[in-house]
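Here's the structure, in structure tokens; my notes come after.
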Amino acid sequence: MSDTATTTGRAPSVYVPSAEALATVLAPGERPPRPSALGASLTFGWRALLKIKHVPEQLFDVTAFPIIMVLMFTYLFGGALADSPRDYLQFFLPGIMVTSVVMITMYTGVGLNTDIEKGIFDRFRTLPVWRPAALVGMIFGDVLRYVLAAVVILSVGLVLGFRPDGGLLGVAAGIGLLVVFSFAFSWVWTFFGLVLRSEKSVMGVSMMVLFPLTFLSNVFVDPSTMPGWLQAFVKLNPITHLVAAVRAAMGGSSDPTNTMWLLLWSAGFVVVFGTLTMYRYNRR
Amino acid sequence: MSKRTTGLAIEAEGLTRSFGETRALAGMDLQVPAGTVYGLLGPNGAGKTTAVRVLATLLRPDGGRARVFGHDVVAEADKVRSRVSLTGQYASIDEDLTGIENLVLLGRLLGLRKAAARERADQLLTAFGLTEAGTRQVKKYSGGMRRRIDIAASILNTPDLLFLDEPTTGLDPRSRNQVWEIVRAVVAHGTTVLLTTQYLDEADQLAGRIAVVDHGRVIAEGTPGELKSSVGSGTVHLRLRDAAQRPDAEKVLQAALGVPVQLEADPLALTARVGGEGSDLAASEQAARALADLSRAGIVVDDFSLGQPSLDEVFLALTDHPAVPADERDEQLEAAR
């Protein structure tokens with residue numbers, strides 16, 4: 001960015017508080033009606049967009065990281081698990097898309113933790129707006145990042161030879177399901193972002209949750225080769241339902257059972273972790 | 001306006017709040033009249049910030065109750081929030097955003113439409129001398145500018161009660177004076193200000209009443225004049241030319257001032273409080289007489305000064321312990337947050 005160090009560049013004229021100028025801004029005007037829940041959430045979402053605009057580096061994790069994931073695993077496992085990386089990709093791409101995006105959800109917690117550390121949330125929490133708006137808006141911003149990551153992965157996949165039978169509509173439906181789940185799952189991280197003391201501990205916890213959740217699933221291999229106890233976990237794992245539903249959508253069919261489970265899990269995450277988050281948010 | 005400036009802005013009774021082992025608030029009572037600047041004076045870790053956080057609905061008290069304009073800070077938090085604003089000790093604005101963006105964001109959250117929020121932002125930037133800086137990210141602001149944008153954000157909704165938590169800590173003298181001017185303008189327009197500070201002179205300059213806070217409770221309360229006269233309105237510092245004359249000087253001073261004289265570690269130096277209760281003379285008058293007596297007694301004074309009692313002296317007088325070494329406790333508190 002070119003606008004660094006402008007503070008010292010110019011000789012600023014000395015500010016002298018003028019009673020008249022202050023009087024104009026201090027005159028008590030009409031108090032506007034408080035914004036609606038959605039309006040306030042969207043305004044906080046706008047803040048997230050502004051942050052992306054000013055700190056574009058933060059998009060690194062939704063672009064470079066997914067690309068590395070796709071390339072790495074396609075060529076690492078492709079030959080061994082299928083006839084060729086290209087064949088493996090047809091099975092694997094929806095799964096790695098889910099893995100990457102779900103892993104990115106943890107940044108919601110990291111971001112929240114940083115915001116709280118800096119003190120800005122003190123101001124938000126003294127505003128007379130719908131209480132969850134600051135967090136909902138933050139996750140709105142994150143949803144944009146999820147879509148971006150999904151599109152990046154899809155593009156890399158298409159270049160490498162991924163050919164979804166579901167066409168544009170199927171792919172869009174798959175990404176839609178993924179985004180719904182990720183929105184819901186983000187509430188897990190808002191909770192940890194509020195409870196844990198530092199950014200580092202949020203990262204630590206998220207790795208402990210995300211690695212088993214994404215790897216012990218149907219993302220990389222067909223679960224039928226796993227021992228029974230592991231299959232039981234894999235079957236329960238919401239990521240498994242999500243991957244199955246996304247795979248079906250992108251493959252041009254549908255999987256109502258898994259879609260239903262995935263939506264139930266999503267609702268569960270919002271209800272349980274949304275409630276816990278708001279409890280912590282209000283009681284800090 | 002009259003509605004905003006009558007009655008009590010804050011009433012708190014027996015507020016308590018602990019963080020683990022540390023009792024940040026140990027039964028704090030406060031009555032803050034509306035339309036004034038009220039100073040909470042105390043060292044780091046005395047509980048000032050915790051009190052502000054409870055009153056601004058950011059923290060629930062463990063016990064006791066507090067009302068802001070008659071609304072309970074726990075049960076009616078939303079009603080309280082619609083009338084207060086907080087400028088915290090740490091930046092309560094988004095450093096990644098520009099000044100304009102911060103103000104527009106808050107304007108929108110307070111219910112202004114886009115154009116109105118933008119107009120309000122421009123007005124505020126002008127009034128706070130930040131027009132040019134408006135399009136820069138706040139992290140590139142100087143300390144004084146940052147404080148100003150923070151306060152500008154706090155008065156965006158012309159609150160009835162403004163919390164300023166150590167607004168001048170870490171600022172250079174010029175920026176500090178600017179903040180003082182702003183606070184005066186804010187209160188002149190009917191907003192009540194609760195100001196926390198570690199500096200007696202700041203409370204003295206701005207506050208109509210002061211509560212001295214220590215270990216989570218109010219240990220003295222009154223107008224700046226009342227507080228100072230309870231401690232002595234000033235302190236005389238003397239340095240003699242000859243250390244051998246110090247015992248004589250002590251006797252002369254004691255006789256002239258009628259107060260105990262303190263012998264400093266420096267063998268040439270003495271200090272004494274003047275202008276305390278029971279003295280019908282002004283501090284300067286007393287000091288002048290004492291000087292005259294010394295000179296008559298043939299004691300040579302090389303250096304003389306008459307100053308306001310420092311926060312440390314106020315504390316010593318009120319608590320028998322100095323104000324400073326609470327830092328460790330403060331760190332504990334920080335960690336507990």
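Cβ atoms are placed via backbone N, Cα and C, with glycine included.
Note that the structure is a prediction, hence the values are computed from the model and not measured.
Feature annotation from TrEMBL assigns domain 'ABC transmembrane type-2' to A:57-284.
The transmembrane segment annotation in TrEMBL covers A:59-82 (among others).
What TrEMBL lists as transmembrane segment is A:88-112 (among others).
Among the features that TrEMBL reports, transmembrane segment is placed at A:133-162 (among others).
If you look up TrEMBL, you'll see A:168-195 (among others) marked as transmembrane segment.
The transmembrane segment annotation in TrEMBL covers A:202-221 (among others).
According to TrEMBL, the feature transmembrane segment maps to A:260-279 (among others). Outside the transmembrane segment (A:260-279), and at least 6 residues removed from its termini, the chain residues within Cβ reach (under 8 Å) are 131-132, 135, 177, 180-181, 183-185, 187-188, 190-191, 194, 238, 241-242, 245.
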Outside the transmembrane segment (A:59-82), at least 6 residues beyond either end, the same-chain residues with a Cβ under 8 Å of its Cβ set are 52, 88-89, 91-93, 96-97, 99-101, 103-104, 107, 145-146, 148-149, 152-153, 156-157, 160, 220-221
Using a Cβ distance cut-off of under 8 Å, indicate which of A:88-112, A:168-195, A:202-221 has the most pairs with the transmembrane segment (A:133-162). A:88-112
What same-chain residues lie close to the transmembrane segment (A:168-195): Cβ under 8 Å, and 6 or more beyond its ends? 94, 97-98, 101-102, 104-113, 116, 135, 138-139, 142-143, 146-147, 150-151, 154, 202, 205-206, 209, 238, 242, 245-247, 249-252, 259, 262-263, 265-270, 273-274, 276-277, 280-281, 284
Using a Cβ cut-off of under 8 Å, list the residues of the same chain at least 6 residues beyond the transmembrane segment (A:202-221) that approach it. 73, 77, 81, 92, 95-96, 98-99, 102-103, 106, 109-110, 113, 188-189, 192-193, 196, 230, 233-234, 237-240, 243-244
